[in-house]
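Below are the features listed in Swiss-Prot for this protein:
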| type | residues | note |
| --- | --- | --- |
| BINDING | Ser213, Ser214, Gly215, Thr216, Thr217, Lys221, Gln355, Gly356, Thr360, Asp444, Arg459, Lys550 | ATP binding site |
| BINDING | Tyr263, Ser267, Ala333, Gln355, Gly356, Thr360, Met368, Lys461, Lys465 | (E)-4-coumaroyl-AMP binding site |
| BINDING | Lys284, Lys467, Gly468 | CoA binding site |
| REGION | 286-355 | region 'SBD1' |
| REGION | 356-423 | region 'SBD2' |
Amino acid sequence: MITAALHEPQIHKPTDTSVVSDDVLPHSPPTPRIFRSKLPDIDIPNHLPLHTYCFEKLSSVSDKPCLIVGSTGKSYTYGETHLICRRVASGLYKLGIRKGDVIMILLQNSAEFVFSFMGASMIGAVSTTANPFYTSQELYKQLKSSGAKLIITHSQYVDKLKNLGENLTLITTDEPTPENCLPFSTLITDDETNPFQETVDIGGDDAAALPFSSGTTGLPKGVVLTHKSLITSVAQQVDGDNPNLYLKSNDVILCVLPLFHIYSLNSVLLNSLRSGATVLLMHKFEIGALLDLIQRHRVTIAALVPPLVIALAKNPTVNSYDLSSVRFVLSGAAPLGKELQDSLRRRLPQAILGQGYGMTEAGPVLSMSLGFAKEPIPTKSGSCGTVVRNAELKVVHLETRLSLGYNQPGEICIRGQQIMKEYLNDPEATSATIDEEGWLHTGDIGYVDEDDEIFIVDRLKEVIKFKGFQVPPAELESLLINHHSIADAAVVPQNDEVAGEVPVAFVVRSNGNDITEEDVKEYVAKQVVFYKRLHKVFFVASIPKSPSGKILRKDLKAKLC
């Protein structure tokens, strides 16, 4: 899951599916209840190649800043960015990369990441993006699974790539160039004003990106995203007369989330390129540097994950900076509780704060707050908005698989041209995720309220089963994070001979606070039903999370063994 939001129980109380009434389970199969966006569908030019679509407005923004490297201040206009991307395309082609070939981009956020991804698109190559902090073993698995022929990386990661393949081409973006590697300048030495004249027939169903799922609930699998699926997803967000996410060409969009993750790649980079906005690249998070960049470059859009939202809401350093330029704060990857949202709103009263929901396989965005629309519609606290345009969403019963109506929690399913084509070389996993009618089953539990707003309760596989009762960890985590003495928290199941599983919490204390285990237990017990009460609390220095901000529950469960 890339983006998610947690419902606020005091605002909405969905029907408990443990008791199913006759109107939920009729004697004859009902017509499926399908939910759609409150915004009208739009025409989407998803017959185009991705790069053509993203740079379609090039002539009108050619002299505008496209990329700004936060650490150096170096800026590239749209005209310069497009030209370098074409030179990279030419360089890759000269190195033997052809349509359908896979290249691996192993970089932190940088201009070279953008040049490489878009350059690969121009020749019909496929980019598989990888986490630079992966181990050699993890990189080998992704390299082998994807079949990548070339890796573009930074010299500091080269040692991890030794012995991964004799015929593997390594290109590094910095100087000096390590032994047996080619400098990035090799790709951009084509000094023609109109480089790469080859004609490549790229269809909408051809693969453009090959991200790998996080593996927190299973083995990583290559997710085939086509030119059509990526264009559809971007258009669902930023195209049309009243876009769901209203970006303007004078917007400056903070890119601190890693581009190797689909959330940042899609909702930050591709959305920005399509809109003619400026992308401010930050290669790693550090609160002081982030605040300085927001102030110095007058950032207007900040796409974040909850840990960064917590920093903005709770870190006293924030008060020393002028953040008045920010108009949208997008949050995803995990829930935001109401108190945390209120804290951030006090810090950024002029900004609209909203959440979205998605997953890599869905292209990735399923829903988004309509508060970000050109003609905004207020969204409830805890909601992750309505389903995106040109898509269909339904909620199915966890056992009967029948379609459910309003306020009835079940598994979220999505259908539309934005979803993945398949899992790479894994037809069994593909058919288990996308059914014969084209519905992608997310594995997320949620419901749609009477205003068509979506509330995610939890991951299906992460639900704790206490004597048959379902205990959603995200609900308890939201309560914990809203406590003034708690900086971060995660809840996981611990095996129990009597109950089967019991919820236990890992808690990070706020600076200077000495909250005890009993304090935490009592705080939660006052707010939840008996079977959701915490049985143990462990205090830790930090909560392990993936680059996208998802809690690595398997690491915490391992501590309980």
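Placement of Cβ uses the backbone N, Cα and C atoms for every residue, glycine included.
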By DSSP, how many residues in the region 'SBD1' (286-355) are helix, how many strand, and how many coil?
35 helix, 12 strand, 23 coil
What is the three-state DSSP composition of the region 'SBD2' (356-423), stated as helix, strand and coil residue counts?
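Summed by class, the stretch gives 6 helix, 23 strand, 39 coil.
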Considering Cα atoms only, can you say which of Ser213, Gln355, Gly356, Met368, Arg459 is the nearest neighbour of Lys467 (CoA binding site) among these binding-site residues?
Arg459
Write down the Cα-Cα distance for Tyr263 ((E)-4-coumaroyl-AMP binding site) and Lys284 (CoA binding site), rounded and given in Å.
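Between the Cα atoms of Lys284 (CoA binding site) and Tyr263 ((E)-4-coumaroyl-AMP binding site), the distance comes to 16 Å.
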Report the nearest neighbour of Thr360 (ATP binding site) in space among the binding-site residues Tyr263, Met368, Lys465, comparing Cα positions.
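Closest by Cα: Tyr263.
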Pick out which of the binding-site residues Lys284, Arg459, Lys465, Lys467 has the most other Cβ atoms within 10 Å of its own Cβ.
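That would be Arg459, with the highest Cβ count within 10 Å.
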Among the binding-site residues Gln355, Thr360, which residue has its Cβ surrounded by the fewest other Cβ atoms within 10 Å?
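Each of the binding-site residues Gln355, Thr360 was scored by Cβ atoms within 10 Å; lowest is Thr360.
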Would you mind ranking the binding-site residues Ser213, Tyr263, Gly356, Met368 by how many other Cβ atoms sit within 10 Å of each Cβ and giving me the lowest?
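Comparing Cβ neighbours within 10 Å for the binding-site residues Ser213, Tyr263, Gly356, Met368, Ser213 has the fewest.
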Taking only the Cα atoms, work out how far Lys465 ((E)-4-coumaroyl-AMP binding site) lies from Gln355 (ATP binding site), in Å, as a whole number.
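Each residue's Cα considered, Lys465 ((E)-4-coumaroyl-AMP binding site) and Gln355 (ATP binding site) end up 28 Å apart.
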Between Arg459 (ATP binding site) and Gly356 ((E)-4-coumaroyl-AMP binding site), find the distance joining the two CA atoms and give it rounded to the nearest Å.
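Computed Cα spacing between Arg459 (ATP binding site) and Gly356 ((E)-4-coumaroyl-AMP binding site) is 15 Å.
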If you measure Ser213 (ATP binding site) to Met368 ((E)-4-coumaroyl-AMP binding site) at Cα, how many Å is it?
21
Report, in whole Å, the straight Cα-to-Cα distance of Gln355 (ATP binding site) from Tyr263 ((E)-4-coumaroyl-AMP binding site).
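Counting only the Cα atoms, the answer is 13 Å.
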DSSP secondary structure for Lys467 (CoA binding site), reduced to helix/strand/coil, please.
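Coil, per DSSP.
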